[in-house]
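S.K.: Not my notes, these are from Swiss-Prot:
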- 1-54: transit peptide (TRANSIT)
- 86-163: domain 'Cytochrome b5 heme-binding' (DOMAIN)
- H121, H144, Y215, K364: heme b binding site (BINDING)
- 189-559: domain 'FMN hydroxy acid dehydrogenase' (DOMAIN)
- Y215, Y322, H451, R454: phenylglyoxylate binding site (BINDING)
- A267, P268, A269, G270, D485, G486, Q487, A488, R489, G508, R509: FMN binding site (BINDING)
- H451: active site, proton acceptor (ACT_SITE)
Amino acid sequence: MSFARVRTALRCQRAAASPAPPKVQARRFANKAAPHASASSAGSRAFHLGLAAGAALAVGGAGLYLFSRSPVLLDAQLPVKQRGRARSISAAEVAKHNSRDSMWVCIDDEVWDITNFVELHPGGAKVLEQNAGKDVTKVFKSIHPPKTLEKFLTDDNFVGRIDVDEVTKIGGGKNAEDLRIEQARKELRNVETVVCLDEFEEISQKILSEMAMAYYGTGAETEQTLRDEREAWQRVRFRPRVLRKMRHIDTNTTFLGIPTPLPIFVAPAGLARLGHPDGEQNIVRGVAKHDILQVVSSGASCSIDEIFEVKEPDQNLAWQFYVHSDKKIAEEKLKRALALGAKAIFVTVDVPVLGKRERDLKLKARSQNYEHPIAAQWKAAGSKVEETIAKRGVSDIPDTAHIDANLNWDDIAWIKERAPGVPIVIKGVGCVEDVELAKQYGADGVVLSTHGARQLDGARAPLDVLIEVRRKNPALLKEIEVYVDGQARRGTDVLKALCLGARGVGFGRGFLYAQSAYGADGVDKAIRILENEIQNAMRLLGANTLADLKPEMVECSFPERWVPE
């Protein structure tokens, strides 16, 4: 169901409802941006929030929100009525409301009646059913932007407050995974001891929930493409030059006319709050120290407003654009990003439907097992669990109807008309023919990408596509800016791509893992690691500037040994 239909239906329900008695003003859920703090000073403060969310809430790769799948707030805040003295609710009473007929959830210390919202929920009814009568604070905050409650619910849905000591009786306390993560965070070594991006992933495996690791790490189906992307970098070898004056190294360049001190950018990657309470804001703060370009994900767990509000005045952020099937909504989102100051628009074109991400799906299937506590509750209540699962499907891949599956090359003109003077980049290109079409239809750049190997399993690694462009139409590399991502982890990976003609290389998962473990300090450290590796490798390769990186400096051993001309 589209957000427009959700809003219309909710407003109709509210119009038909009888006036509610005056109540005190609702408490806001939006917190002001927390000041930057190092991992060592933050300790375990609030780090457990959002880390041990129930596996039933991680599906596909879009992140299944309890209330809203879109972090972009398109509407003005819905009016909140005055509330009187809040009614005290016991855990036992909350737990009773766990069916379609009466469904309550607890967020922080507040109890909400979401019965009339179940069928309207953009993420589907099942995820609400699985968490009915429970405390959902951790999972809610880990994947939802602030003000989500205020956007979709009114004071009529407010039931009362639950005593803090009662919350643990409905799942609000620390479970075994919470305690494991809390202890692992206490044992984190100093961020300055990390020497490469791979270490951030190794460290994150200890401090992330099973759900977060599945979401961040999964590829599509057999994960052939996920494996192949790492191997692709190893199939390109250097042909270094020696006896050159290598004391001074210059790594400055421009992306889409935007100056950058390094030929790297932060690729869009969603749900950073699964790893850290500050989520995408950590990445913005860490990147600000280095002035490299960050492409803000449309699937972020912070709202677009939250993300842009913590950037430095001169910091450059671009925005990832999933074109909504409702062009009016698509235009509203685009206008909002531009109004906030997005310097470029990265149009994602490789998601006409969501890929089959089996690590996510297997984890969710386990949570839907008949013996799962929620299923046991259904059974006790007389629900037909097997019939429900059979009808809706265990995988329950999130509905992607809001993404325009009919998006085509003619739509590029529509986007350019609504973003005059702003660079447009096509993200998700997988062959030389589509690079040619991108140039033909007026795009300023392309990102050779497989969506993190999360879409079409068996698709070629982006680096192999870059080699194809170099072989079949090398002139394109001077006519349109070509970027590449796909499991790059090293400064040497960046140089290999630049030797083959890429303008720059995007890093996604590496920054997710870095911020998960160490917040903004982790992002800062990751960039410093890459900077050092790039400069060191340039000296060893014999290149003083990025312009000195030439095709003849590499040898490609797949699909055949070949030295580019």
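Cβ coordinates come from backbone N, Cα and C, glycine included.
Surface or core, plus neighbours and distances: that's what I need for these features.
M.R.: Summarised by DSSP class, the composition of the domain 'Cytochrome b5 heme-binding' (86-163) is 32 helix, 21 strand, 25 coil.
The DSSP secondary structure for Y215 (heme b binding site) is helix.
Averaged over the domain 'FMN hydroxy acid dehydrogenase' (189-559), the predicted model reaches a pLDDT of 90.
Residue density at Q487 (FMN binding site): 25 other Cβ atoms are found within 10 A of its Cβ, drawing on all protein chains shown.
Long-range C-beta contacts of H451 (phenylglyoxylate binding site), restricted to its own chain and to partners at least six residues apart, with a cutoff below 8 Å, comprise T348, D350, V351, G355, G428.
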S.K.: Per 10 Å Cβ neighbour count, which of the binding-site residues Y215, Y322 ranks highest?
M.R.: Y215
S.K.: Give the distance between the Cα atoms of A269 (FMN binding site) and Y322 (phenylglyoxylate binding site), rounded to the nearest whole Å.
M.R.: 13
S.K.: I want to verify one value. Collapsing DSSP to three states, which class is R509 (FMN binding site)?
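M.R.: Going by the DSSP assignment, R509 (FMN binding site) falls within a helical segment, counted as helix.
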S.K.: By the DSSP assignment reduced to helix, strand and coil, which category contains A267 (FMN binding site)?
M.R.: coil
S.K.: Rounded to the nearest angstrom, how far is the Cα of A267 (FMN binding site) from the Cα of Y322 (phenylglyoxylate binding site)?
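M.R.: Y322 (phenylglyoxylate binding site) to A267 (FMN binding site), Cα-Cα distance: 14 Å.
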S.K.: List nothing but the largest Cα to Cα distance in Å, as a whole number, among the residues Y215, Y322, H451, R454 that the record says bind phenylglyoxylate.
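M.R.: Max span of the phenylglyoxylate binding residues, Cα based, is 19 Å.
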S.K.: What are the sequence-distant neighbours of A267 (FMN binding site), meaning same chain, six or more residues apart, C-beta distance under 8 angstroms?
M.R.: V295, V447, S449, D485, G506, F507, G508
